[in-house]
Amino acid sequence: MCYSKINNSLRKRFRTFYPVVIDIETAGFNPETDAILEIAIITLKMNEFGLLEKEHLLHFHIQPFKGSRIDKKAIEFHGIDPFSPLRRAISEYEALYSIFNLIHKGIKSNNCTKSIIVAHNAIFDYNFLTAAITRTKIKNNPFHSFVIFDTATLSGLAVGQTVLARACKAIGLTFDNNQAHSALYDTQQTANLFCKIVNRWKTLGGWPPNDTRTIKL
């Protein structure tokens, strides 16, 4: 394999980690007591030019777990009806099983070691995901136990904005506020934002680190 192909692999770019963009919509702010209502993930790939792109998408509506708390303010904020039959919601375990299965395939095909969460204000999604994994007792968690990529932090560095909508617009992406706070839409936009930041850094000469185009400060 030639040097350029090695540097253009996910394994090389992210230190053997397989980045997966995730967004979780919930019925509150406490990951131990408040229900997960919706989850979406997008896996990523490198194209032939070493640019990051979206690959696979999974999106699920989630049944509130037994005894979970539903905060009315959270429901008013995102407009999700937890008990609507039109959502065709599934259990946390079913959703995590499908998500983990897809991620493990991606880890294997890219010769990576672990997956890494990419999310906007990532600690929120990380905490809810971790609580659901503990609650369901599901095995083979593919995610790194503490390393995460937070696009709020990255976009603050890249474009001086930390709010998802503002960061997207600042980097040249459109953002529809009417679709915001849907796990599906927010995951798509977070993935677009992350790819833009990573690819712009490469274009500026920041990757690979010894690229002769690297800008000297």
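Cβ atoms are placed via backbone N, Cα and C, with glycine included.
If you check Swiss-Prot, you get these features:
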DOMAIN    20-194  domain 'Exonuclease'
BINDING   D23, E25, H181, D186  Mg(2+) 2 binding site
BINDING   D23  Mg(2+) 1 binding site
SITE      F29  site 'Important for substrate binding and specificity'
SITE      F77  site 'Important for substrate binding and specificity'
SITE      F124  site 'Important for substrate binding and specificity'
SITE      F146  site 'Important for substrate binding and specificity'
ACT_SITE  H181  active site, proton donor/acceptor
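Taking Cβ-Cβ distances under 8 Å and a sequence separation of 6 or more, the neighbours of D23 (Mg(2+) 2 binding site) in its chain are I39, A40, A119, H120, D125, A183, D186, T187, T190. The Mg(2+) 2 site is set by D23, E25, H181, D186; from the centre of their CB atoms, other residues of the chain with a CB within 8 Å are I24, E38, A40, H78, A180, S182, A183, L184, Y185, T187. Put simply, H181 is the one of the recorded positions E25, F29, F124, F146, H181 whose Cα lies nearest to the Cα of F77 (site 'Important for substrate binding and specificity'). A gap of 14 Å separates the Cα atoms of F124 (site 'Important for substrate binding and specificity') and H181 (Mg(2+) 2 binding site). Secondary structure from DSSP puts F124 (site 'Important for substrate binding and specificity') in a helix. With a 10 A radius on its CB, F146 (site 'Important for substrate binding and specificity') counts 6 other CB atoms from all the protein chains.
The local packing around D186 (Mg(2+) 2 binding site), expressed as other Cβ atoms within 10 Å of its Cβ over all shown chains, amounts to 26. Around the Cβ of H181 (Mg(2+) 2 binding site), a 10 Å sphere holds 17 further Cβ atoms from the protein chains shown.
In the three-state DSSP scheme, E25 (Mg(2+) 2 binding site) is classed as strand. Cα of F146 (site 'Important for substrate binding and specificity') to Cα of F29 (site 'Important for substrate binding and specificity'): a span of 20 Å. Shown in sequence order, D71, A74, F124 are the residues of the chain, 6+ apart in sequence, with a C-beta less than 8 angstroms from the C-beta of F29 (site 'Important for substrate binding and specificity'). Each of the recorded sites F77, F124 was scored by the number of other CB atoms within 10 A of its CB, and the lowest score belongs to F77.
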